[in-house]
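Okay, structure first, notes after.
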Amino acid sequence: MDCTWRILLLVAAATGTHAEVQLVQSGAEVKKPGATVKISCKVSGYTFTDYYMHWVQQAPGKGLEWMGLVDPEDGETIYAEKFQGRVTITADTSTDTAYMELSSLRSEDTAVYYCAT
């Protein structure tokens with residue numbers, strides 16, 4: 001029996017109200033500690049490069065925690081100190097998709113992850 005802790009990463013699908021703005025995220029993931037996960041967020045209904053894309057974590061029973069952002073126009077990123085060195089946020093303007101990669105996963109990374117613009 002595999003007694004290794006597994007990390008459940010849920011990805012919330014978000015929809016906006018401004019002119020049918022939609023942010024569609026990839027599905028739930030189960031990973032082992034130490035692994036890496038990459039979550040996608042495909043947008044429609046607005047010009048992708050006009051707004052920053054943020055990523056937020058919500059652990060069970062906890063509030064929202066901002067992880068970082070990317071400027072899709074130039075790829076510039078800003079990360080929260082807590083996630084610095086473990087998170088990489090990117091944007092692919094050819095597909096209007098943002099990505100959040102979190103490495104060296106820990107049990108406390110079990111959470112719902114949101115993209116937001």
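A Cβ is built for glycine as well, from the same backbone N, Cα and C atoms used for every other residue.
Pulled from Swiss-Prot, these are the features on record:
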SIGNAL    1-19  signal peptide
REGION    20-44  region 'Framework-1'
DOMAIN    20-117  domain 'Ig-like'
DISULFID  Cys41-Cys115  disulfide bond
REGION    45-52  region 'Complementarity-determining-1'
REGION    53-69  region 'Framework-2'
REGION    70-77  region 'Complementarity-determining-2'
REGION    78-115  region 'Framework-3'
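Between the region 'Framework-1' (20-44) and the region 'Complementarity-determining-2' (70-77), fewer than three CB pairs separated by 6 or more residues in sequence fall under 8 Å, so the two stretches do not touch. For Cys41 (disulfide bond), other Cβ atoms within 10 Å of its Cβ number 26. Residues 41, 43, 77-80, 82-83, 87, 89, 91, 98, 100, 108-117 of the same chain, all 6+ positions outside the region 'Framework-2' (53-69), place their C-beta atoms under 8 angstroms from a C-beta of that stretch. Counting only same-chain residues 6+ beyond the ends of the region 'Complementarity-determining-2' (70-77), those with a CB under 8 A from a CB of the stretch are 48-53, 88-91, 93, 98.
Summarising the environment of Cys115 (disulfide bond), the number of other Cβ atoms within 10 Å of its Cβ, over all protein chains shown, is 26.
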